[in-house]
Structure formats: C-alpha cells, structure tokens
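Heads up: the structure comes next, in structure tokens.
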Amino acid sequence: VRVMLPLDCVARTTTRTTRETLAKALRSVADAGADGVMVDCWWGACEGERPRAYEWRGYLALCEMCRDAGLSVDVVLSFHACGDSVGDEGCEIGLPEWARGEPARENMYADRRGNVTEEYLSLWGDETRDARRGDRSPLECYRDFMAAFRAAFATFLTGSADAPPVISQVIIGLGPCGELRYPSYRAGDGWHFPGVGEFQAFDERARMSLAYEAAACGKPEWGRHPPVNGPSYNCDPEGNVFFAADGTGDWNTPYGKFFLSWYSRELVAHGERVLEHAVREFDGVDASLGIKCAGVHWWHGHPSRAAECTAGYYNATPSPPADGNGDVDMVLGCEPRGYSQIIDLCARFGVELTFTCVEMRDVEHSPEHMCSPEGLLAQVLREAAEAGVTVNGENALARFDVDAFAQIVRTDDTMMTSSSSPDTACVLGSFTYLRMCDELFEPQNFDRFARFVRDM
C-alpha cells in the first residue's frame, strides 16, 4: 500500500517548519505499515522558466526524506496542468508557458465549439517543432525531461543487493491527470458528474488526421469533420443524437464506428510514441515503468458507454448491424477493442497499468446513471490478466469510511480467487491511497486507515 502525496507537497515544503511537518507525516504512514508514497513531478514546476532549465531540488529532498522514513516513492512525470480537474481544488500548476508553442491555440485540444483546454498538449502536435520550445516537438520535450530526470535521480533509481531503489516506479504521464485519455470531462469546462463529456478532436491537426484516415479507407465523406451531433459536456447518452440507443444513434453505424475507432487508436498511438522514448531513457534502471488509465465508470451500463468513448476508450457494446454492414466494420478495423489496445501497449513495452475507482461499489450510485465501477474494473483486470500485465489500483475519490476501505480489500480478495488458473490470476500489484491530507490524520480516520493497511 502506498499513499498519494498532496498535489503541491513539494511547492509547499520550502521552509524548515513545513519540511518537518511533511517528515512527521511520512513517518506516521510508515508506522501504519504503508510501503511508500506517490508524488506528481510537475513539468510546469521543474522546467517552467525556460527550455532545458530543470529544477529538481525539492524532489531530491523529498526522496531523501522518504528514504529516511523507510518509504519507497512512485514518481508520476506529470506533463499536464493542475487546477481544472476534479480533485485539483486549491492547486494551480500550469504547463510551461514556452511549451504551449505559437500560436498556443493550435497546440491544444479543442471541442466542437472551438473551446480549447490548456490541461495537456494535443496529441496531434506530438511531432511538431516550435521555436519557443527550443526548436523541439512535445515528444522531444518529454524525452529530454525524462533523460534529465534519470540523470538527476540516478542514485534513487538504482538499488543494491541489500535494498531496493528508493524510486520504485516511474509513471509516465500521458494526458489529463496523468492518465492516457482525452480531456473530455473537465470541471473548468463546466462539466459535472455524470455528464458524458465531449469529443476533443476539433483542432486543425486532428481534423487533418481524421480526413486522411477517412480517405485512406475509401470514405472521404466521413472525414469532413468530427461528429457535429455529438454530446455536450453534461448531457446523458440519450440526450443527443450520436449516442442514442434506440437505433438512431450514429455510434452504432459504420460511420460512428469508424470515428470512435480512429479516436481511440490515435490516443493509443500517442501512448506508444511517448513510451518508445520512456523505455529508452529508463533502460537499465531498477525502477519499473507504468502508465495510468481513468476509471470512467458512469454510463458503463449503457450500450454506447458514451462517457468512456468521449475519453477515448472505445468500449461500446454495439448491436449487430441491421443493414448488412458488419463486413464493412471488420474491413475497416472499426470493431470496439475495449481496453485491450492499452493493455497490449503495456505488455509490449513491459509497463504496469494503474487504474482508478477500486473503492467504489455499483450500489453507491443512482441506477439512472448506469454506473458500474465494479463491472468496469472486472473487465480491465480480466483483460490485463490475459495479457500478463500488472494492474495497480487507486481510489478515485478521497474516502475515509469503513465501506470504502472494505470494498478495496474485498476487491483484492476477489481478484486473487477470480481465476482457476494461477497463470492468469487477477492480482493487484499494489494499491495507492488518495490522498495524504489533514483529514486523513484525524484520529478516527487514521485508525481506520491503519487497519486497512494491515488488512491489505
């Protein structure tokens, strides 16, 4: 069990008093039996001033504190901004100003109204160089950041015969909140649960990619623009034409399947491009590598699984086509792949997958929202077990109650006995508790947490 540190813990521990407070908190979670912590290493904080000017001192000091407390550290290389997502309250860390390129709007994701988000650079500009970045592309910026991190933290990334490395895992951020997904549901855009979110494929480079893909498969008319009848941030699946399940929804037509498949494949291709650099830069270290995936559990019970689709996870359950176009779907490779593409990516690069919503139960949610965190988690664990990929869990929301802790333990127990074959047993590699805060250290809450750690 690990504990996620506050989003701005390094920024706030700049005085002797704050460092001593953090050191005391680290000793407390270690005494409770926790194995380590997880921390966001922010691109905007470590390379914010100018390209290739890195500031690691706060994170180096944190690694020393964790080593002294007997805790390992999972480091998330966070190439996203903080402040607009659920759970970001009270923390504002932007992308490096220079990294946005010129003009900045062209390098950001855009929704159908042309609104852009500055939470993460658009994947369709991955290989586009810009003078403001030091004549580098975003991919080259990520690569250089990883190389500099490895050089600065070499002693913490290397273990010995007597002790494992202090940094046990480096998690490569691949999107908003460090997760491989699109910024389809952001509080900064007015989104609130359980809205299905919006497609983020309306920037110019995204539209060019879509047009090219449509022409390549002999359907140029499909590439004129992304779905203009797609959902708004806060509608439900039946509240728009694209995701309706009454037989009229475009999601279950050859065109809709083509778009959703392209949208999902582009996301996976982005993960592949970044991971190709990551495995090279961290080759030979003793720490493992990982990525994160979001637990978009709302509307999982709807055939379209619309909220997952807008986030880039083509996990729909389409009905057989009534128009004889099933062969078209197969020829175009447009059948839903669930999470298998991402899991295959992990298997190919030898990285672990962190997945959220482990603490949630289906019965905790209103039936009308068709939430199924348990069903979604079971699907991901099953697909990962079949591919031999380690899954690490997180809770999606801060919880201190007995029910949440019991659900996490129950999930872990269920996974360990869910397969008759030891070779495909669904076992959590680790669990990270979100998150360290003042409320966690209230006596009743901390007693529950300590019991939970013992139970795990």
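Using N, Cα and C of the backbone, Cβ positions are placed for all residues, glycine too.
According to TrEMBL, the features are:
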- Asp40, His80, Asp88, Lys292, His297, Thr356, Asn395, Ala396, Arg435: substrate binding site (BINDING)
- Glu179: active site, proton donor (ACT_SITE)
- Glu394: active site, proton acceptor (ACT_SITE)
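Cβ environment of Asn395 (substrate binding site): Thr356, Cys357, Val358, Glu359, Met360, Ala404, Ile408, Tyr433, Leu434 lie under 8 Å away, each six or more residues apart in the same chain.
Remark: of the binding-site residues His297, Arg435, the most isolated position is Arg435 (fewest other Cβ atoms within 10 Å of its Cβ).
Taking CA atoms as the reference points, Asp40 (substrate binding site) and Glu394 (active site, proton acceptor) are 14 Å apart. Between the C-alpha atoms of Arg435 (substrate binding site) and Glu394 (active site, proton acceptor), the distance comes to 10 Å.
A Cα-Cα distance of 14 Å separates Asp88 (substrate binding site) from Glu179 (active site, proton donor).
Taking every protein chain shown into account, Asp40, Glu394 are the recorded positions, and of these the Cβ with the most other Cβ atoms within 10 Å belongs to Asp40.
Listed in sequence order, Lys292, Cys293, Ala294 are the same-chain residues six or more apart from Glu179 (active site, proton donor) with CB atoms under 8 A from its CB.
In this record, substrate is bound by Asp40, His80, Asp88, Lys292, His297, Thr356, Asn395, Ala396, Arg435; the longest C-alpha to C-alpha distance in that set is 24 Å.
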